[in-house]
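A short worksheet on the structure shown next.
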Amino acid sequence: MSKTHLTEQKFSDFALHPQVIEALESKGFHYCTPIQALALPLTLSGRDVAGQAQTGTGKTLAFLASTFHYLLSHPANAERQTNQPRALIMAPTRELAVQIHSDAEALSHLTGLKLGLAYGGDGYDKQLKVLENGVDILVGTTGRLIDYAKQNHINLGAIQVVVLDEADRMYDLGFIKDIRWLFRRMPATSQRLNMLFSATLSYRVRELAFEQMNNAEYVEVEPEQKTGHRITEELFYPSNEEKMRLLQTLLEEEWPDRCIIFANTKHRCEDVWGHLAADGHRVGLLTGDVAQKKRLRILEEFTQGSIDILVATDVAARGLHIPSVTHVFNYDLPDDCEDYVHRIGRTGRAGQSGFSISLACEEYALNLPAIETYIGHGIPLSKYNSDALMNDLPAPKRLTRPPRSNNGPRRHNSAPRRSGAPRNNRKRAD
């Protein structure tokens, strides 16, 4: 991993609890990223923080280190009961909650603080069994948290730290009432440490969030540059008829080690998945219709490298840290400008370089001007030769068919290339 995204500030330079420093260093974390270097001095002094930084810059570790330090440095309420967690971390999606919990496990092993996880979809009794034994830090989604609270399985009266992760997404998804319901059951803002982190924070979000924070300090990293400078962007104008052929030709040319393809609807994602699966790619599908256990399995397979391509709706565009994603394809230009930033932010993370390739088809090209205005620059345009597109593609697979294994050996570059798929099939537009 590249070190160029790190600062010269060491975690050991801060007055972090020794167990936190030991846990961080045992996992190879010695130097801070910019958002960590900005946020930690504030949280260690007891100040509330609202942090804005691009995805992949270490927001999760910033609030986890702060949370563990605070709990280790401040005693629990003497009257705290078993069903009362000391810290609550709220996330907008199940996948993000699972990921935060996984990251927190790296710190919990050496600190002795117990973790709990609460998210909807499945695992109700399994999650509840952990909570019944008592947890210090509870990570979850708002719906399941409220469910447990109403059933008195958890009580928020002893909360000392609260975190809102991907806060703008929380509000955009309509969770503001749920968040306020949970906050009303916690101690007053002045009696707890409050943190809010996201890649984008609108003024509306900041105003709503500050209702639940104690004179929070606002910190940001690279606020004027909405897309990472390590991401190379590229744009094509395909016709609807050539769009799929162009995508598959680009995949042949780029041969990405690990890529995510975003489309705007679950039906479009299923169609893209079907074409790529039929063509022999090791591809996974992530939409809202995919069962929770399968979603987690697909993410694990993608992270571990047993599948190379993930086709997804924007359910996977927020917060998830999947290392070493080399390419992002916008098969559809998103309707929301912020989603473009979050999508391509899946690559070029943690000091690595990445590539973003967008297809501005007849249906979604109208979204381009607003996106370019929002990111503050035009996306470089490339042209392609229609006659050179792949033209012997198999019929797409359908989800209703018995699934064919996509986890076989990956095709090698030495395999015969089919007609119509020469490399360097494109050139920059003048």
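Quick reminder: no glycine exception, Cβ is built from N, Cα and C everywhere.
Annotation comment: Swiss-Prot describes A53, Q54, T55, G56, T57, G58, K59, T60 as ATP binding site. What Swiss-Prot lists as domain 'Helicase ATP-binding' is 40-219. The domain 'Helicase C-terminal' annotation in Swiss-Prot covers 245-390. For 392-430, the entry in Swiss-Prot reads region 'Disordered'. Residues annotated as motif 'Q motif' in Swiss-Prot: 9-37. What Swiss-Prot lists as motif 'DEAD box' is 165-168.
Cβ neighbours within 10 Å of T57 (ATP binding site), excluding its own Cβ and spanning all shown chains: 24. According to DSSP, G56 (ATP binding site) sits in a coil region rather than a helix or strand. For the motif 'Q motif' (9-37), the list of distant contacts is 3, 44, 51, 53, 57-59, 61-62, 65, 68-69, 72-73, 106-107, 109-112, 197, 219, 221-222: same-chain residues at least six beyond its ends, Cβ to Cβ under 8 Å. Other Cβ atoms within 10 Å of the Cβ of G58 (ATP binding site) number 25 in total over all chains.
Applying an 8 A CB threshold to same-chain residues 6+ apart, the list for K59 (ATP binding site) reads I35, G51, A53, D165, F197, S198, A199. Secondary structure of the domain 'Helicase C-terminal' (245-390), assigned with DSSP and counted as helix (H, G, I), strand (E, B) and coil, comes to 61 helix, 26 strand, 59 coil. Here the Cβ of T60 (ATP binding site) has 22 other Cβ atoms within 10 Å, regardless of which shown protein chain they belong to.
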